Amino acid sequence: MRVLNYEEVINKLISFIKDKVNETKAKGVVIGISGGVDSATVTYLAVNALGKERVLGLIMPYYKNKDLDDAILVCKTLGIKYKVISIKSIVDEIEKSLGSELDHISKGNLMARTRMILLYAHANSRNYLVLGTSNKSELLTGYFTKWGDGASDYAPLINLYKTEVWKIAKVLGVPERIINKKPSAGLWEGQSDEDELGITYRQLDEILYRLIDLKMEKEKITEELNIPHERVEYVESLILKSEHKRRLPVGPEI
């Protein structure tokens, strides 16, 4: 992986948030706080950039579990204003209106899009910006919901791999229990990022870095990382099939 000066990166991220809020003349930012390391890291950065008075945290659980406790811990540790809004009744009512039960992936996407609606409703009513929490690993593999958790005004972590976010979180002082917990998008009970992706973030990032940043040949990656060629092919397939998620809708030239 690349070698970064994490103090410099953090300063750059803080300046980015501050500059974008000033440029848009927004009064503050709203962040969806899940209890995971990405949203915690963005919240810590936002408080450093703007002060706790200009940061609003929205905690939007469908299930009541330890993630809720971790999300509240972040808000209380930083002293920011926050709201806990259960999305269960909203999601269940939409599912009911469809007349049939959704599979867990479709329902997970519905949860993510419901959270996006609530984030923007709060942002619009306060003249706030929505800060996204997606990272580069998720972006490149399409591991996010289109128009759901992938929707935001600015995404401070979007050019940082997941393994780099862990390191930044540590420097910022994010609670260890949040950094060390099993990554999960919280889209259904017991869901795990790495189980769903079929690969650990540590291996994924090593492959992505070589494919995208270094533009290394797949055979060379296989040799350098001492992994099966199929593993590199699999990661490349994730990138290719999720291309539509990384751009606005397009149509034919007329």
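Glycine is no exception: its Cβ is also placed from the backbone N, Cα and C atoms.
Checking the candidates K12, K18, K64, K162 against TrEMBL: the one annotated together with G32, I33, S34, G35, G36, V37, D38, S39, T133, S184 at the ATP site is K162. The C-beta environment of S184 (ATP binding site), restricted to residues of the same chain at least 6 apart in sequence and closer than 8 Å, consists of G36, D67, Q191, S192, D193. The two recorded residues, D38 (ATP binding site) and E138 (Mg(2+) binding site), have Cα atoms 11 Å apart. Counting only the Cα atoms, the space from R113 (deamido-NAD(+) binding site) to T133 (ATP binding site) is about 14 angstrom.
In space, E138 is the closest of the binding-site residues G32, S34, T133, E138 to K245 (deamido-NAD(+) binding site), judged by Cα positions. Cβ neighbours of H244 (deamido-NAD(+) binding site) (same chain, under 8 Å, six or more residues apart in sequence): K146.
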